[in-house]
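The structure under discussion appears below in the form of structure tokens.
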Amino acid sequence: MTHSIKYWLSEHPTIVNFRWSTTQSWGSTWSFLFTAIPAYIAVATTLHLILTVFRRRRPVPLGIIPAVHSLGMALISAVIFAGILVSASAEIRDTRWLWRRTKTTPFQWFLCFPLGTRPSGRVFFWSYVFYLSRFLHLFRTFFTVLGRRRLTFFHLFNQSILIFMSFLWLEFSQSFQVLAILSTTLLYSVVYGYRFWIAIGLPGACFPFVVNCQVVLLGCNLVCHVGVLSLHILKGGCNGMGAWVCNSVLNGAILLLFLKFYVKMYLTNSNVAKVESLGTHLGSGSESNPKHEREVVIVKEKRS
């Protein structure tokens, strides 16, 4: 059983022989990227304007679709987490002999790819799957619009940037992406599992669970980015540092925005609903659920 799982997660020929290229990988061209993102923004904005023009105040009934989507994303994220973890272990096993020459440890490899690393093999296969899964996350935007919740520029910007960064990871073989995918997919497994939990009517947490998870993730990413920079300076260079700089700036901006709302919630007794709304805008909000809404009110009263 264990051997079979390892085979399908890291030893299958499709995984081992994967190569990121414009001829072999769907969605791997710059033209596709700069067509897909504006198309997503245009469709979401148009749908929002149509509902606004017709003054539809009630949410469009979606039935079990959001719950099914949450369950599916939780399972997909768990598979990607397991796949890249097993594949990273296999890569370490197969290339350990080469690292002895450069005195590279597995921990250093997780943070800093050697110069000249190409986007091929097991790890980059799962990075590609993660990139494709970002498009499935976009359905959350349309659930938000149809649910008549506020659609903000930041929500569209954030979702677009996450796709853009995932593309850069593959295009430039960016360092740190293995740890980033591991932490992100672990978070998504928990968050989407929680969404499914409350979507089927089970009780939610009495605190902003999703936002707290996101803050922890961004904080861990910040620490790891410091580690990447340190290794880049000490070891003479890491691969894909141009993409890493872009990634760092965008992650830093998102972290600062989260901290701004986080401090408001806990220090100035601001509305918890604003924080939950922020989590929704970042693709990490909880489902619209009457039980959850009552719990948010309870938390607000406790803070007052």
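The backbone N, Cα and C atoms fix where each Cβ goes, and this holds for glycine too.
Automated prediction, rather than curation, is the source of TrEMBL annotations.
As given in TrEMBL:
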type     : residues : note
TRANSMEM : 30-54    : transmembrane segment
TRANSMEM : 66-90    : transmembrane segment
TRANSMEM : 123-139  : transmembrane segment
TRANSMEM : 151-170  : transmembrane segment
TRANSMEM : 176-197  : transmembrane segment
TRANSMEM : 209-234  : transmembrane segment
TRANSMEM : 240-259  : transmembrane segment
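Packing against the transmembrane segment (151-170) from elsewhere in the chain are residues 20, 25, 28, 33, 36-37, 40-41, 44-45, 48, 119, 124, 127-128, 130-131, 134-135, 137-138, 140-141, 144-145, 177, 180, 240, 243, 246-247, 250, 254, 257, 280-283: each is 6 or more residues past its ends and has a CB under 8 Å from a CB in it. Proximity of distant same-chain residues to the transmembrane segment (66-90), defined by a Cβ-Cβ separation under 8 Å and at least 6 residues beyond the stretch ends, is recorded for 5-6, 9-11, 15, 110, 122-123, 125-127, 129-130, 133, 136-137, 139-140, 143, 178, 181-182, 185-186, 188-189, 192-193, 195-196, 199-200, 287.
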